[in-house]
Amino acid sequence: MFSFVDSRTLVLFAATQVILLAVVRCQDEEDVLATGSCVQHGQRYSDKDVWKPEPCQICVCDTGNVLCDEIICEDPKDCPNAEIPFGECCPICPTEQSSTSSGQGVLKGQKGEPGDIKDVVGPKGPPGPQGPSGEQGPRGDRGDKGEKGAPGPRGRDGEPGTPGNPGPVGPPGPPGPPGLGGNFAAQMTGGFDEKAGGAQMGVMQGPMGPMGPRGPPGPTGAPGPQGFQGNPGEPGEPGAGGPMGPRGPPGPAGKPGDDGEAGKPGKSGERGPPGPQGARGFPGTPGLPGVKGHRGYPGLDGSKGEAGAAGAKGEGGATGEAGSPGPMGPRGLPGERGRPGASGAAGARGNDGLPGPAGPPGPVGPAGAPGFPGAPGSKGEAGPTGARGPEGAQGPRGESGTPGSPGPAGASGNPGTDGIPGAKGSSGAPGIAGAPGFPGPRGPPGPQGATGPLGPKGQTGDPGVAGFKGEHGPKGEIGSAGPQGAPGPAGEEGKRGARGEPGAAGPLGPPGERGAPGNRGFPGQDGLAGPKGAPGERGVPGLGGPKGANGDPGRPGEPGLPGARGLTGRPGDAGPQGKVGPSGASGEDGRPGPPGPQGARGQPGVMGFPGPKGANGEPGKAGEKGLLGAPGLRGLPGKDGETGAQGPNGPAGPAGERGEQGPPGPSGFQGLPGPPGSPGEGGKPGDQGVPGEAGAPGLVGPRGERGFPGERGSSGPQGLQGPRGLPGTPGTDGPKGATGPSGPNGAQGPPGLQGMPGERGAAGISGPKGDRGDTGEKGPEGAPGKDGSRGLTGPIGPPGPSGPNGEKGESGPSGPAGIVGARGAPGDRGETGPPGPAGFAGPPGADGQAGLKGDQGESGQKGDAGAPGPQGPSGAPGPQGPTGVNGPKGARGAQGPPGATGFPGAAGRVGPPGPNGNPGPSGAPGSAGKEGPKGARGDAGPTGRAGDPGLQGPAGVPGEKGESGEDGPSGPDGPPGPQGLSGQRGIVGLPGQRGERGFPGLPGPSGEPGKQGGPGSAGDRGPPGPVGPPGLTGPAGEPGREGNAGSDGPPGRDGATGIKGDRGETGPLGAPGAPGAPGAPGPVGPTGKQGDRGESGPQGPLGPSGPAGARGLPGPQGPRGDKGEAGEAGERGQKGHRGFTGLQGLPGPPGTAGDQGASGPAGPGGPRGPPGPVGPSGKDGSNGLPGPIGPPGPRGRGGETGPAGPPGQPGPPGPPGPPGPGIDMSAFAGLSQPEKGPDPMRYMRADQASSSVPQRDVDVEATLKSLNNQIESIRSPDGTKKNPARTCRDLKLCHPEWKSGDYWIDPNQGCTVDAIKVFCNMETGETCVYPNPSKIPKKNWWSAKGKEKKHIWFGETINGGFQFSYGDDSSAPNTANIQMTFLRLLSTDATQNITYHCKNSIAFMDEASGNLKKAVLLQGSNDVEIRAEGNSRFTYNALEDGCKKHTGKWSKTVIEYRTQKTSRLPIVDIAPMDIGGADQEFGVDIGPVCFL
């Protein structure tokens, strides 16, 4: 791909990236940008910028200073009817000729209409000196259309046009009188300013108005007003302009030279003095068709045009003679299906289908190929004579003449008379596609197509960046009080701001409506005792006594119902940026916006298929009768002489017989469109010609021209103009849409874009004989020769020598449309040509099918700040609100009312295209704008990158106040404004509707659970307290549903003229202009047409078949064949490129249940349970095996004397011996086998101490028991401080019979020192952590200063308040928080109760209004706000609600919040709203937070 990109394109691309980066960097560093720039009326100007804020004032920005000067006008002398052109300062005399040509004396007027100069063409002047660059002027007010002025001064040389067809030779005329030009001050004094962009002429190009009929030449315009003294330009080298000589005779055609290599660009020449207006240059030869460009981006929808009245269908004219190819007809309906033809060659690429779903933006593609030639631009100056073109291709082979040696080409014969059209031949087989021909002449535009249905609505774009803050408008008068509006929903409360200074008293509001009767007052005091009367007789009961004195006044009654709403204060200054609220749900589709401005021209659409044969055209007008030439005698043929020099053209001879059709000559340059010819007389239809032989496939042609623009889409809603996104990759081809119905015939438009030749139209009525036309298509067959045997195809012959130039025939009448040529193969990419002029917008394309609505995309990253958008019109002055003093900076505020409408921000970056929405209803057509002044023609440049955003325009003049419109729909929530000045305390408003449930509040610390109080009896309604001060602004609530659209307000007056904008897009197609003056003589034309066919020679003998010739050049395009039969299925194509990722599919149906998975690996061992209860004693065990023999015991005491032994053998009696020694037990120490003899120690055991062995057994048993208990306590902890459990759930599992109570847990395990004491609910297994402290004392905590009520955070805002904490005082700080972090991880549910004790304070439901607007907010431990209403995940419930109204008695509301997001609990803060009055008190019991 890289090899195809011209290196210059890369350099240009790199440069644009650098510039773009620089621009972005400058936007980020506004202080750098501002150095040297100036600001006037809110508009920023760059250094050295020049502008005219008023017609008679001109200003310049000089390194940060604005220097303005008044324009001093000279009185026009001897001018009774001096005029001041619209938007100008000084009067001009319409008839006075300007005598200055230097540009320094008098400013030139606007460019006049072209003068009617019949035969005058002045000589081209030498180039003038280069002037310094001028500054871009502001856009002037639109002037009234002046009378037609004399020709303006010569403009700057335009780009050389591509050579047109040679025009007829006009006699050289004298130069025309110099006319008064437009305001060329910037041009004359400074040339072009590099910064001025496309608006270098100081005139904004408006849309092209309809061209009127050519008027008579106007009187010469008066000299323009005095211009500023320009800096003198460097002196140019004046060339002596000689007069133009008469045209010389055409020289003989030279051989075409080889193309030279492109030279390096020369240095810019110095600017010459302006020459007289040059003649219009010829249109250049259309380039060969290029390769099809990438699919263009869809243009913005244009505004809907008014449907023209349907024209009456004319009567069909008689069939005329086949003319030269006509303009392309409108696309017709598809014909009936033809018989299947033989398999044809590969066809041209088909139309692109309907747009596929939008893909993500692709990378920036390479520069596209040049587009088709646009519609004719305004008249350019004559370009330099182009180089001689190469010789044309060889024509088709002529019929065999009498054999002979070819003689040199003779001079052109006199024109012959037209032959009778031959009968239509039968259709030949389709030939192989020839090489692409030059594009045919531009056809007239087709009738206005039917407006397509409104396109689907796109997704909402990213919000634009906020614009610069506008200047403060003038202070408006205080408006009359509006009608009382319905009470708005109460905003959510913000956090408390610092206390503000008291504001000045505002004006008294209108009296409120009569309040409801107050409660009955207390009885008055007893009156004084009357004097005691004398006792009388008991009388009859007397009449009632006199009325007693009035008692003391009772307590004041409750305030009455709210009075009417006071005047709206003016919006406060913008507050700090609030926290971003959650994304609201998508609103309903808004009404269609007004038509957007005309978008940039889209890239051309693909060329449509040729339409069917058009209807017969109306007969043309009769052409002027030509002069009869003197009849020449036909001479006998002489011998072939050598070619003589070109003689002068002889007089026209008499009409000869119609010669045989010569081969087509080389293509001439495209001529200017001729005037419509007179209608021809009806000719017979010509026979279809014999199809030519199939030509060899042509070489790959050069890249084709840009395709026709697609049809104009209907007007879409006005979008914010974003910077141009990267081009997306082309979507896949969709199915071909059905052809729409033909619209009514529109008025004749100017020549449309270059079309491919259409099919041959029906012949028109034959007109009177015109002058000789261009070479026609091949005529009927000549005198029949004998059929020769068909020779083999010969080789391509070399190009023949150029023939002598023939006389240029007059333009013939336009013939019917020619046939459509086959599409050529794409050629190699040509070098980048000069930018063509901008084409007109094409007709609208067919609407794409509506795409599925895509899922809501994730929010994109915030884009770079766009440049400020254009200044919107100032709104009507609002009523003046009372001025208060600034309040202290508040904490988080509630959602403010919608702010005043800001100026539109600049467009943000374009997001990826959303899927098409459903079509919206048609918008009302906008009113027609005023006709703008005709802009000077700019040179068409290549498609530039998206321009940098323009500077912000100055604020418009405030319009008159319009009538009040109906209430509009609620605007989107604006960013919260800053705290406004406190107003005077207003009348209590009606209760608002129940608001949406808010976000969860911050978690508060929990307290010990209070005992459940019995419900108190409802007290009487107490008097309302004074209104509290404004609370802090709460976070933005969820967006409300979109209101109904209000009716449109009356249109405001036109604003003041804005500053001149950047160059506008090319306007819509104007009406056809008057024909221009004849052009200057063109360069020497190429070879002339072939002379008349000679008479048939005598029939020669049939020659032998020649050898096979090389393949001939492709023949001319044959007539369109019948539709072929469907071809055989082609071979399977190569695999296409990978498609783009499709849209997210809908979720599939649930799948079937999977097979049972394999058993997972065994989990890790659970924590050791608590020790079990001591079991009952076991049964006695059986005797164990005997142990080993123990060590020898201590020496025993001496034994008792043993019993006397049996009598011994009688011996000699001796004396008794002494006691024997003790037994040495060491002798038995080694014995361990008792079976070998009796246990030697068995007699000793009874002697040992009885306590030694049992004591040892007890110690071992105790140790074992202790170890067993420890192991059991690890396996089954008992919830003591020494042996804490991990959670209460573990305790419940190990000891299900235990009762609820306080236990110790250690969720993070490890050392037990940081265990915490909690309440275990053994019914549920919940672990409940106590708050510390667990109560907020009951008292009046807050005294409000203002009348607005807001939520006041207890721990963050209230003096003496605190955030709730949890755990035991005895633990180290943060211990409970750490353990709760682990506890949250071990739990899936959390719950907490808060009891709000109230006295004249609403906690949840406001019984008076029936809504939850005054409900308290809670703050969770992860800073989320928990509310009474709104998103169900962040809302709490009220288990008991005794704080519904003000009764003057203490009551309570029990709030419960349950969640599976354990990170939201515990509650750490509470924010009541209904507090601040002297009689409003509250207290809070914080319940424990429980995890399960």
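Placement of Cβ uses the backbone N, Cα and C atoms for every residue, glycine included.
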Between CYS1311, CYS1320, CYS1328, work out which one Swiss-Prot annotates as bonded to CYS1288 by a disulfide. CYS1320
Which listed span Swiss-Prot calls region 'Nonhelical region (C-terminal)', if the choices are 32-58, 1220-1246, 1328-1354, 1463-1489: 1220-1246
Which candidate, CYS1311, CYS1443, does Swiss-Prot give as the disulfide partner of CYS1398? CYS1443
Across all the protein chains here, work out how many other Cβ atoms are within 10 Å of the Cβ of ASN1393 (N-linked glycosylation site). 22
Residues sitting within 8 A of the centre of the ASP1306, ASN1308, GLN1309, CYS1311, ASP1314 CB atoms (Ca(2+) site), not counting those, run PRO1284, PRO1307, GLY1310, THR1312, VAL1313, ALA1315, GLN1379
Go through ASP1306, ASP1314, our binding-site residues, and report the one whose Cβ sees the most other Cβ atoms within 10 Å. ASP1306
Out of ASN1308, GLN1309, which of these binding-site residues shows the lowest number of other CB atoms within 10 Å of its CB? GLN1309
Check ASN1393 (N-linked glycosylation site) against DSSP and tell me helix, strand or coil, would you? strand
Could you measure between CYS1311 (Ca(2+) binding site) and ASN1393 (N-linked glycosylation site) for me? Cα positions, answer in whole angstrom. 31
Other C-beta atoms that fall within 10 angstroms of the C-beta of CYS1311 (Ca(2+) binding site): 8
Could you tell me the C-alpha distance between GLN1309 (Ca(2+) binding site) and ASN1393 (N-linked glycosylation site) in angstrom, no decimals? 28
Take the domain 'Fibrillar collagen NC1' (1258-1492) and average the pLDDT across it for me. 92
ASN1393 (N-linked glycosylation site) to ASN1308 (Ca(2+) binding site): how many Å between their Cα atoms? 25
